[in-house]
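*Asks:* Dumping what TrEMBL says about this protein:
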type: DOMAIN; residues: 102-226; note: domain 'VOC'
type: BINDING; residues: 156, 174, 222; note: Zn(2+) binding site
type: ACT_SITE; residues: 222; note: active site, proton donor/acceptor
type: DOMAIN; residues: 232-356; note: domain 'VOC'
């Protein structure tokens, strides 16, 4: 998500719009995503400053040095750095565990907003929560889901004027939707002209009934048969090049829990479910590793996820400590007070962290 827009009619930037500028495209958080461009409120000057040195969660360098030292003198510099980093990581882990985090939005681009809204509402049963057109920046946002944004994980669609083609790439997998009757849902989708790419049936190697469909832009949705759930929009599947590395990063930097893993040697892949609570009640990331594949083409269709946090500054420090790359230093968005920070995981997947209190204010 590149914009967070309030429900009210006052004009404010949103955390998920994109526009064109001289053939070069960037998200509102400064990632180069050809051929899109930055909106008016956020420019490269805000994003390209050198990443500041780690503040070790408020610990003074002198204190860290004293901790690493001895009575007879200071240890070698390498030992001091190692001790300082270890202390900072321990402090960061303690804070991350206490931080109130929740998956807020998933953001991607579509060619025809009205057509996509119609498909999601009529075929998938979503509600159009809000819509925002910014003609001076040549884009429109639409937020859809199964409940209000302050308590549900929702989709944020971005339409850029005049853009009728996007490359989804090979790295993005699918979104997951929990339904009580997969076969019935598939019948409805077919009746509405939707494309079913995998008929209802047990998942390979298991008993859960699933089906796969595609929306008008080619984004895949997995329909998962499951009892009533407070979070029907339940998964975002992304492919990664090193599953153990990704699990460690999301556990430590993002504070997610490894809910389960499943290895399928017959089909040469392994998955890991990561999230902030049980799968049947929360949206989760499904990380997929295909044996021997370390790199993928991300295309320019899928954009990012957004996660709520109590402190974007500490979140950014933690991300840097555990190997992530900060793409947008923590702070308020120009023109409004919503504090955010944007980062990349080891595979280059982008996430935007949004201040929890500011997010709720934006929705008022």
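One is the number of the first residue shown, and numbering goes on along the chain from there.
Note that Cβ sites are derived from N, Cα and C of the backbone, with glycine treated the same way.
Can you walk me through where each of these features ends up in the structure?
*Replies:* Within 10 Å of the Cβ of residue 222 (Zn(2+) binding site) there are 21 other Cβ atoms, across all protein chains.
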*Asks:* Please work out the mean pLDDT for the residues of the domain 'VOC' (102-226).
*Replies:* 96
*Asks:* For residue 174 (Zn(2+) binding site), write down the residues of its own chain that are at least 6 apart in sequence and whose Cβ falls under 8 Å from its Cβ; none is a fine answer.
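*Replies:* Expected: 212, 219, 220, 221, 222, 235, 237.
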*Asks:* Could you put numbers on the helix, strand and coil content of the domain 'VOC' (232-356), residue by residue per DSSP?
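*Replies:* Taking the domain 'VOC' (232-356) as a whole: 21 helix, 57 strand, 47 coil.
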